[in-house]
């Protein structure tokens, strides 16, 4: 039981999983710095003008990222509830909370698979030479590629061949499912076991684990950066990433601003429900304003900093191959599992650097998975407190087992196509739509001014000038930017592919069905939601203000 003490001395009992003095700031930092997000920013910077991309990226961070992250953190901390119960404040939008949990469920499936990839590569790195340092006996692979080889569909580098034919055993397309790749299935099982073991006692146990996972990735990034900048060609890689080769003319292209805004939402995990869930374990009077700035800026700084470590070593690889840096850079999974492993294989004591790199990906990926499962279990605990209160361990084991079984199609020979499909549809479109409903629901339905009063209950009174900027963002700037991004995404939509392999029509249809599966839904009875909304955190507001039930229902549900 969590006891939240209000300024007037009233005590409200809320079902929760831990004591109110626990702070989730380290976990929020790592939740927002997952392995997927660390590898995505450097590629976007390269694609959109290098250092010039920092201008739209930090602009969007200030205009949309930090305001929405602050909004979600304040909501979670004020209510001490998961995303579903939290939205009882706005009954008509309670489906937003359900949609957040559905998105987290789907994304947790493929996050688990990415962790399995990292585990497999980490184990494969424990040999010398690295297995992707040379070609196997195959005529379509070349140990000494040229620029033409990199762009040719028929010729592969050793790391490309290892990724496609050994690690994934990739089929020709989504139509050819093939059998389960058992080494990946075992790594997926190990990933599920690690996550379940860390969360078996709830947020108490994961909170201890995160102190290691929050610091270790930074240690590895610093080590890789120091090693990288001492290599020949490192300067070319860094200049290509963010230096003199920056292309300021890219700032006139709408696509660059769209990528910057989308990456801001993606990197801060806005709309997933994870921020709300982790913030719900904070002390009621915790300085959520400071935490939001620290986490947001740490996330952005880590993305930029990690890019230096990555591109310094890619510059060295380009120097060895005597190729432009742009021709060795890969998008998405190719950067983490093809280009960078290839670069590491060229270093002295290559197994050491490779183990460190993939162990770093493992730690940050695990922490994101911790948060995802915590969202699911917290919502189940909030919905059925009597049933699950004393069975948290069983609930965690069951959730991890279900995610493992749902992840098995993603470790078949067509698994990478499923992973890419989820990434392209669920982790982009739905999040933008949920973020729009979230900020509109709080600002225009629940009431932005009422929400500010709720925050002042936690933080104390602030000046009108202090709230002027946040009102501008929540009422106008952030919603308008999200609408523009959504419209632009629809206009410029191109069916996703994996490399040069297109998806069949039924595969694209499944992608849209996943979006519909995760879309916000309403319960059939408005009265059921209104009656339920009197419970949970918003009863705190009623008690604090000493309103009658009639006054409370009139003020909140008119």
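Heads up, the Cβ atoms here are built off N, Cα and C, so glycines get one too.
Sequence annotations record features per position, and here TrEMBL assigns Na(+) binding site to 267, 299, 367, 368.
Within the same chain, residues at least 6 positions away in sequence whose Cβ sits under 8 Å from that of residue 141 (disulfide bond) are 135, 155, 156, 157, 158, 160, 161. What TrEMBL lists as disulfide bond is 135-141.
What TrEMBL lists as transmembrane segment is 51-71 (among others). Outside the transmembrane segment (51-71), and at least 6 residues removed from its termini, the chain residues within Cβ reach (under 8 Å) are 44-45, 241-243, 246-248, 250-251, 256-257, 259-261, 263-265, 267-268, 270, 275, 288-289, 292-293, 295-296, 300, 304, 435, 438-439, 442, 451, 470, 473-474, 477-478, 481-482.
Beyond its flanks by at least six residues, the transmembrane segment (92-123) meets 34-36, 82-86, 167, 183-184, 187-188, 190-192, 195, 271-274, 276, 333, 337, 341, 354-355, 358-359, 361-362, 365-366, 368-369, 372-373, 375-376, 379, 403-404, 406-407, 410-411, 415, 418-419, 422-423, 426-427, 430-431, 434, 437-438, 441, 445, 514, 517-523, 526, 529 of its own chain at Cβ-Cβ distances under 8 Å. Residues annotated as transmembrane segment in TrEMBL: 92-123 (among others).
Outside the transmembrane segment (180-200) by six or more residues, the chain places 112-113, 115-117, 119-120, 123, 167-169, 206, 209, 366, 369-370, 373-374, 377, 392-393, 396-397, 400-401, 403-404, 407-408, 411-413, 415 with a CB less than 8 A from a CB of the stretch. Residues or ranges marked as transmembrane segment in TrEMBL: 180-200 (among others).
The transmembrane segment annotation in TrEMBL covers 209-226 (among others).
For 264-281 (among others), the entry in TrEMBL reads transmembrane segment.
Look at TrEMBL and you will find 293-314 (among others) tagged as transmembrane segment.
The transmembrane segment annotation in TrEMBL covers 352-381 (among others). Counting only same-chain residues 6+ beyond the ends of the transmembrane segment (352-381), those with a CB under 8 A from a CB of the stretch are 15, 17, 27, 30-31, 33-36, 38, 82-85, 97, 100-101, 104-105, 107-108, 111-112, 114-115, 118-119, 121-122, 125-126, 130, 191, 194-195, 198-199, 202-203, 206, 209-210, 212-214, 216-217, 220-221, 223-224, 227, 269, 272-274, 277-278, 280, 336, 340-341, 344-345, 388-389, 392, 395-396, 399-400, 403.
A Cβ distance under 8 Å defines the sequence-distant neighbours of the transmembrane segment (393-419), meaning residues of its chain 6+ beyond its ends; these are 105, 108-110, 112-114, 116, 168-171, 173-181, 184-185, 188-189, 192-193, 195-196, 199-202, 333, 373, 376-377, 380-381, 498, 501, 503, 507. Here TrEMBL flags 393-419 (among others) as transmembrane segment.
What TrEMBL records for 425-447 (among others) is transmembrane segment. The list of residues near the transmembrane segment (425-447) in space but at least 6 beyond its ends in sequence, with Cβ under 8 angstroms from a Cβ of it, reads 67-68, 71-72, 75, 87, 89-90, 92-93, 96, 99-100, 103, 106-107, 262, 265-266, 270-272, 474-475, 478-479, 482-483, 485-486, 489, 496, 511-512, 514-515, 518-520, 556.
Within its own chain, the transmembrane segment (468-491) is flanked in space by residues 60, 63-64, 67-68, 70-71, 254, 258, 261-262, 428-429, 432-433, 435-436, 439-440, 442-444, 448, 452, which lie at least six positions past its ends and keep a Cβ under 8 Å from the stretch. Feature annotation from TrEMBL assigns transmembrane segment to 468-491 (among others).
Taken from TrEMBL, the feature transmembrane segment applies to 503-518 (among others).
For the transmembrane segment (264-281), the list of distant contacts is 16-18, 22, 24, 27-28, 31-32, 37, 40-41, 57, 60-61, 64-65, 68-69, 72-77, 79-83, 86, 97, 100-101, 103-104, 107, 203, 288, 291, 296, 299-300, 303, 371-372, 374-375, 378-379, 427-428, 430-432, 434-435, 438: same-chain residues at least six beyond its ends, Cβ to Cβ under 8 Å. Long-range contacts of the transmembrane segment (503-518) within its own chain (CB-CB distance under 8 A, at least 6 residues past either end) are made by residues 99, 102-103, 106, 173-175, 417, 421-422, 424-426, 429-430, 495-497. Per-site Cβ counts within 10 Å over the binding-site residues 267, 367 peak at 367. When other Cβ atoms within 10 Å of the Cβ of residue 299 (Na(+) binding site) are tallied across all protein chains shown, the result is 25. Its own atom aside, the Cβ of residue 368 (Na(+) binding site) has 26 Cβ atoms within 10 angstroms in the protein chains shown.
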